[in-house]
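Novice: Straight out of Swiss-Prot:
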| type | residues | note |
| --- | --- | --- |
| DISULFID | 127-194 | disulfide bond |
| DISULFID | 172-223 | disulfide bond |
| CARBOHYD | 107 | N-linked glycosylation site |
| SIGNAL | 1-5 | signal peptide |
């Protein structure tokens, strides 16, 4: 499967520092989750909570539009995080998407949901993948949009000091079907191979002329 990134900004939500994702949009109508039984009512309350969070994130978009004084306001993505320590969880946007998919499934009957559960049907992905946060010190260099190799800076200066750049990378697992071909493909008739694919994200880098700036670089994002 392929993970998508969306713009991310660091903002303050209700007086607390947090990471907001104004690019997030929901699909479908969460109000359709309401139903006659108690189980559905419980899911409706979860849907209302999720919808409220999304509305807050969308409201913040009006506050954090980039201005002339803040040229770097729109330079973050969900796969790049500036932090003083290693993030303990995957990017928030991915968690929100998984939760939204759960709510969408909640609109089906219990029987349909039971049969649609991948764990119950024995569903497996075509290619196995692993995801983890890596530092600029581990990446060292990357390729930008022009094809040039640039140095990925480990630390980013901020008003109160420095923060490290972390990248959430997804790549094909070295175990399982990575070398034997894609799962579910008939090897008698087809040749297949699981390959790690890359996408561009914005990061603070330095080119071979020692010029420092925000550039789009390639990182591993799916298998």
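Just so it is clear, glycine is given a Cβ too, placed from its N, Cα and C backbone atoms.
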Novice: Other than its own, how many Cβ atoms are within 10 Å of the Cβ belonging to residue 194 (disulfide bond)?
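Specialist: The answer is 21 other Cβ atoms.
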Novice: Whole-number Å only: compute the distance from the Cα of residue 127 (disulfide bond) to the Cα of residue 223 (disulfide bond).
Specialist: 6
Novice: Could you round the CA separation between residue 172 (disulfide bond) and residue 194 (disulfide bond) to a whole angstrom and send it over?
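Specialist: A Cα-Cα distance of 7 Å.
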Novice: Measure from the Cβ of residue 223 (disulfide bond) and count the other Cβ atoms within 10 Å, all protein chains considered.
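Specialist: Its Cβ has 23 other Cβ atoms within 10 Å.
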Novice: Using DSSP, would you call residue 223 (disulfide bond) helix, strand or coil?
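Specialist: Coil, per DSSP.
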